[in-house]
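The disulfide bond annotation in Swiss-Prot covers C48-C70, C66-C109, C83-C114, C104-C123. For N45, N69, N74, N103, N111, N117, the entry in Swiss-Prot reads N-linked glycosylation site. Here Swiss-Prot flags 1-24 as signal peptide.
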Amino acid sequence: MHSTIAYVSLLPLALFVAMHGASTDEESEELGASTDVDYEELDANCTCPAPALTSTRNNKHYPLGCIYNCSSYNCTIPDGTPCYVLTLGEVKEHLQIGSTVPNCTCGLCRNGTCVSNGTVEECFAVEEIEET
């Protein structure tokens with residue numbers, strides 16, 4: 001009887017852990033990873049790729065902003081990393097209309113903020129952009 005109670009009590013926990021791990025892996029696979037982020041400099045908990053868009057100018061991936069969520073952790077991209085001054089919400093709005101984002105403001109990460117360098121270019125999503 002006691003083993004049945006233990007099994008029934010632990011089943012929801014096991015299901016939660018299994019589902020939580022699976023969704024994180026699936027979401028991570030959907031992201032376009034930035035090629036310019038030095039992931040070795042990130043916190044050990046920041047193992048997910050940053051949500052990124054691809055430049056039509058040079059076909060490189062740049063992160064959206066300089067802070068992103070990875071498995072409930074806020075991850076800050078290193079200073080000096082090229083980025084786009086865009087939010088995930090803004091990108092999703094544009095991608096509902098077409099396949100590109102016409103006004104991607106370029107910048108560099110500084111203390112967790114993507115600071116504009118005054119350049120604007122067209123960018124696009126290679127894969128579905130989701131937050132992890």
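Any Cβ shown, glycine's included, is placed from N, Cα and C.
For N117 (N-linked glycosylation site), the nearest neighbour among the listed recorded positions (C48, C109, N111), judged by C-alpha distance, is C109. The distance from the Cα of C104 (disulfide bond) to the Cα of C83 (disulfide bond) comes to 10 Å. Among the disulfide-bonded residues C70, C83, C109, the residue whose Cα lies closest in space to that of N103 (N-linked glycosylation site) is C83.
In the three-state DSSP classification, N111 (N-linked glycosylation site) falls within coil. The Cβ of C114 (disulfide bond) lies under 8 Å from the Cβ of P63, G65, C66, C83, Y84, V85, G107, L108, each on the same chain and at least six residues away in sequence. Calculated from their C-alpha atoms, the gap between C123 (disulfide bond) and C109 (disulfide bond) amounts to 18 Å. Ranking the recorded positions N69, C70, C109 by the distance of their Cα atoms from the Cα of N45 (N-linked glycosylation site) places C70 first. Reduced to three states, the DSSP call for C70 (disulfide bond) is strand.
Ranked by CA distance from C48 (disulfide bond), the recorded positions N69, C109, N111 have N69 at the top as the closest. Geometry remark: N74 (N-linked glycosylation site) versus N111 (N-linked glycosylation site), CA distance 13 Å. Neighbour density for C70 (disulfide bond): within 10 A of its CB lie 21 other CB atoms from the protein chains shown. Long-range neighbours of N111 (N-linked glycosylation site) (same chain, six or more residues apart, CB within less than 8 Å of its CB): D79. Every protein chain shown contributes to the tally, and the Cβ of N74 (N-linked glycosylation site) ends up with 12 other Cβ atoms within 10 Å.
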